[in-house]
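Participant: For A:6-25, A:46-64, A:84-102, A:114-134, A:154-174, A:186-206, A:212-229, A:236-257, A:277-299, the entry in TrEMBL reads transmembrane segment.
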Amino acid sequence: MIGLGFVYLVAGVTFVIFAGQSLLARRWANGAFQSLIALSFMAGDRLGDVGNGALVLALVAIAATGRMRRGEGTPAPMDRGARVFVPALVIPAVALLGTLAFKQFPALVDPKQATLVALAAGTLIALALGLYLMRARPAAAFAAGRGLIDEIGWAAMMPQMLASLGAVFALAGVGEVVGGLMGQVIPTGSVIGAVVAYALGMAVFTMIMGNAFAAFPVMAAAIGVPLLVRGAGGDPAIVAAVGMLAGFCGTLMTPMAANFNLVPAVLLELKDRYGVIRAQIPTALPLLLFNILLLYWMIA
Amino acid sequence: MLVLAGIVVIAAGFLLRFNPLLVIIVSALVTGLAAGLDPVAVLATFGRAFNDTRYVTAIYIVLPVIGLLERHGLQARARALVGKLRGATAGRVLIGYLLFRQITAALGLVSIAGPAQTVRPLVAPMAEAAADPRDEAESETVRAMAAATDNVGVFFGEDIFIAIGSILLMKGVLEGYGIVLEPFQLSVWAIPTAIAAFVVHGFRLLLLDRRLARGR
């Protein structure tokens, strides 16, 4: 069955080529960093937990030396006309159609991973089409891609690193401690107090963990289920759904959600690395207030 | 309480601008030690989670094709396309994208667009061309808003889809308390906030247009 294994193979080969090109260009730190990412994609399942941990330490060591270099600067683009849009649109189009089509064939493609598989397939088709339409060699495409990954630098690994930190936080019981603290500040019997603490707790805890998924089980246990559902008689569907969305407001405001907030700032070459977060706060705060009012209105 | 030391490490490390990857791994070690785990166990937990979340990094497979197309004039073409549209403004371009992103995310199509796939090569250059920025600061504002619009669209669209991870997580957690819900009951309650997000962010995009038009 085609699933994440296929996606990881494509990613592994991509990073092997990036690494090879970097090493040929004598960009040792970049090459070593990309080699480790390639190793993780190709053989991560065979390294064992401690082996993967050691791989992470090596990645961090390379990043911390500060020897990774930025992109080499790109030549002025050639104009090939409007057909340049065709491969660019093939990626979302194949991802869209592939997702819908693959769900019909659960024996062929893992339905849980349909979109990622379709995205990888769309990328390969777009690459082949792009090389044909632009009359370019594959090496040129990977050199251009390597320019982009070098611009992103070690920040490319932040989202995955933060997700892994979340697992350590979970094992250490960070959530229970934060939830307990939140639970203590609510005046007894106050519905509005419980609603505000729950929604703010979701947002703040999400900002700390970078992920509303980590916050939800904790805040549900601390406030959502005992006080809002059982205490105030709130509809559990509303309490859960609106609480999660309050958490998403937190995701918009935190550097811990690196893939949404920091990587795009690098990709768009913003001088302010918190530029995307600054652009999101004025949307996130009114929405957080909206969620608090909606929740209070539906419960009271 | 001691386990919160890891959060202090993160906040202090980011503030003092140490390398964030180093800050993250130190925070993991501090948290684990505070919880009484031995360092090897912490490393193994981190390593296992790192291996389980590789799909987060897999998105970079799009870079070779995006890089190739950019070297053949993709961004310039995207700008030229918007330049031809009469009445196109940065705000209107981004409102259109916001709607597209919310609707497709609500259908479960979260990964068809994103910062690497669509914002950098297409949406940001289009919004910039429509804004016709006078200086680098204005251009930065428009690009940051393009990335923000992508996030707002996907966050406040995806929960309407019944099979998205967050809906399944809520269902699973509530079942732990003996509360059994259908995913549909949860996803309908994402709709009011989705509408509010469109109104609030759309209003801000119109304000952006007014700010860009001022003094012209």
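The backbone N, Cα and C atoms fix where each Cβ goes, and this holds for glycine too.
Quantities reported herein were computed from a predicted structural model and do not represent experimental measurements.
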Participant: Which of A:84-102, A:114-134, A:154-174 shares the most C-beta pairs under 8 angstroms with the transmembrane segment (A:46-64)?
Facilitator: A:154-174
Participant: By Cβ distance under 8 Å, which residues at least 6 away from the ends of the transmembrane segment (A:154-174) in the same chain are close to it?
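Facilitator: Here the qualifying positions are 33, 37, 56, 59, 62-63, 68, 209-211, 214, 256-259, 262-263, 266.
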Participant: Any chance the transmembrane segment (A:6-25) and the transmembrane segment (A:236-257) have 3 or more Cβ pairs under 8 A, given the pairs are 6 or more apart in sequence?
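Facilitator: The transmembrane segment (A:236-257) and the transmembrane segment (A:6-25): touching, no.
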Participant: Check the transmembrane segment (A:236-257) against each of A:186-206, A:212-229, A:277-299 and return whichever range has the most CB pairs under 8 Å.
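Facilitator: The listed stretch sharing the most Cβ pairs with the transmembrane segment (A:236-257) is A:277-299.
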Participant: Thinking of Cβ pairs under 8 Å, which stretch from A:84-102, A:186-206, A:212-229 has the most of them with the transmembrane segment (A:277-299)?
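Facilitator: The stretch I would name here is A:186-206.
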Participant: Using a Cβ cut-off under 8 Å, which residues of the same chain at least 6 positions beyond either end of the transmembrane segment (A:212-229) come close to it?
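Facilitator: That would be 166, 169-170, 175-176, 178-180, 182-183, 186, 191, 194-195, 197-198, 201-202, 205-206, 235-236, 239-240, 243-244, 247-248, 250-251, 295, 299.
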